[in-house]
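As annotated by TrEMBL, compositional bias 'Low complexity' applies to 1-12. The compositional bias 'Basic and acidic residues' annotation in TrEMBL covers 18-29. According to TrEMBL, the feature domain 'Large ribosomal subunit protein uL30 N-terminal eukaryotes' maps to 14-85. Annotation comment: TrEMBL describes 91-140 as domain 'Large ribosomal subunit protein uL30-like ferredoxin-like fold'. Feature annotation from TrEMBL assigns region 'Disordered' to 1-29.
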Amino acid sequence: MSQKKQQMQVEQKVPENVAKKTVRDTKLREAVAKRRTERLAANKTRRSQWEKNGQAYEAEYKATEKSLVDNIRKAKSEGGFYVPAEAKLILVVRIRGINTLNPQVRQTLRLLKLRQLHNAAFVRVNKATIEMIRKVEPYVTYGYPSRTVIKNLVYKRGYAKVNGQRIPITNNNVVEQQLGKFGIHCVEDLIHEITTVGPHFKEANRFLWAFKLRGPRGGFIAKRRSFINQGDWGNREDLINDLVKRMI
């Protein structure tokens, strides 16, 4: 009986198409694993570089603040006054809606990326932007943002403009894909470029979608009066930081 069973057993061979598929799948798995290993190694290197950039920027900010304090103390000891450099960056916040809005004012607000109520945007200080802000001054409030406010806006309210779409900045890859060719590879690079108004400020600011803020805690005082007349619109200088902190 055992001999008959052995004779009845048919030698089982793996079909040729199955063998080819197995070899192909093995090669694909090996390629995927290799790419994954290379990607993880590259990501580790990039994260290390991003951390170094952040530490370098922090040291630069502290050195700048220390230099400012030293200059003020030196001028005071010599019986003089120290006048800091003029601000190069303005943060503009829209505080009024669309009722009774002049077409020219509406177009200027669009150019400033302030299409909606409580929108905020960064603007480089030059003659053209100053004229634009003066044209829409009764509808906005503006001032000189601090580094802390800039950082909080980007991290808490920052969205990117990618192919006309509003994309949340959830990781550094979003920044690197759009601004890597300008030397901006992470969020810290983006914040540094905005804070210092660097050579690629235009590209960095265009990359950012207008910040959508909420109404300030405690509300406004009087939107129809200027800030110097105990109202809201107009130039607040450094006091813009207190308002934006209540709107983030």
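Placed from the backbone N, Cα and C atoms, the Cβ positions cover glycine too.
If you take every residue in the domain 'Large ribosomal subunit protein uL30 N-terminal eukaryotes' (14-85) and average the pLDDT, you get 87. Assigned with DSSP, the residues of the domain 'Large ribosomal subunit protein uL30 N-terminal eukaryotes' (14-85) fall into helix, strand and coil as follows: 62 helix, 0 strand, 10 coil.
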